[in-house]
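Here is what Swiss-Prot records for this protein:
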type	residues	note
TOPO_DOM	1-14	topological domain 'Cytoplasmic'
TRANSMEM	15-35	transmembrane segment
TOPO_DOM	36-172	topological domain 'Lumenal'
ACT_SITE	Ser49	active site, charge relay system
ACT_SITE	His90	active site, charge relay system
ACT_SITE	Asp115	active site, charge relay system
REGION	158-169	region 'C-terminal short (CTS) helix'
Amino acid sequence: MLSSLGNPRQAATQLLNFALILSTAFMMWKGLSVATDSPSPIVVVLSGSMEPAFQRGDLLFLWNRNIVQETDVGEIVVYNVKGKDIPIVHRIVRKFGAGPKAKLLTKGDNNAADDTELYAKDQDYLERKDIIGSVVAYIPFVGYVTIMLSEHPWMKTAMLGIMGLMVVLQRE
C-alpha cells in the first residue's frame with residue numbers, strides 16, 4: 001500500500017494532481033464570483049429565521065448582476081453587516097426612496113421583529129451596496145455538510161486527512 005510512495009516521480013505526480021484539484025476548485029469559485037458579481041455566490045442558510053421559505057442547511061445561489069436595478073420589497077437577499085463576517089439571508093420588507101441610495105429594511109420570515117438590531121451601530125437601514133446578492137435558486141439540505149464541518153472541527157480534519165491519503169495512495 002505504501003509502496004507507491006517509494007517512486008519519487010509517482011509521488012510528485014500524485015501531489016501535483018492534488019494541487020490541480022484544489023486550484024481547479026478555486027478557479028471555479030472565482031469564476032462563479034465574477035459571473036454573478038458576488039463575493040460569495042453560494043451561501044448556506046445557518047439558522048431557521050427564514051422558515052418556511054428556507055430551512056437550516058439549504059444551499060442558496062445568489063445573483064448580484066442587477067446592481068443598478070431597483071431592489072424590490074419581498075425580494076430575498078443576502079447581506080453583510082459592517083464589522084461582521086457572517087452573511088444574513090432575509091427578506092426586504094420596507095423600502096424608503098429609490099435608486100442606489102434607497103434605504104432597505106429586512107426581516108427574517110420566522111422572526112417577530114425586523115433586522116434593525118442586527119445592523120451595525122449607527123446604521124438604521126441597509127443600502128444596495130450592503131447586499132451580496134439576491135437568491136435565485138436553492139438546493140435543500142445540501143449545506144448541512146458545511147454546517148457539520150464548522151460545528152465539529154475534528155470532522156473537517158478527518159475528512160481532509162482521508163482525502164489527502166486517498167490522493168497520495170491512489171494507484172493509476
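Glycine is treated like the rest: Cβ placed from N, Cα and C.
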In whole Å, how far is His90 (active site, charge relay system) from Ser49 (active site, charge relay system) when you measure between their Cα atoms?
-> 8
How would DSSP class His90 (active site, charge relay system) in three states?
-> strand
Average pLDDT across the topological domain 'Cytoplasmic' (1-14), rounded to a whole number = 69
How many Å separate the Cα atoms of His90 (active site, charge relay system) and Asp115 (active site, charge relay system)?
-> 9
Does anything in the same chain, at least 6 positions from Asp115 (active site, charge relay system), have a Cβ under 8 Å from its Cβ, and if so what?
-> Ile88, His90, Leu105, Thr106, Lys107, Gly108
Take the topological domain 'Lumenal' (36-172) and count its residues per DSSP category (helix H/G/I, strand E/B, coil), listing them in that order.
-> 32 helix, 36 strand, 69 coil
Just counting, how many other CB atoms are there within 10 A of the CB of His90 (active site, charge relay system)?
-> 21
Give the number of CB atoms, excluding that of Ser49 (active site, charge relay system) itself, located within 10 Å of its CB.
-> 20
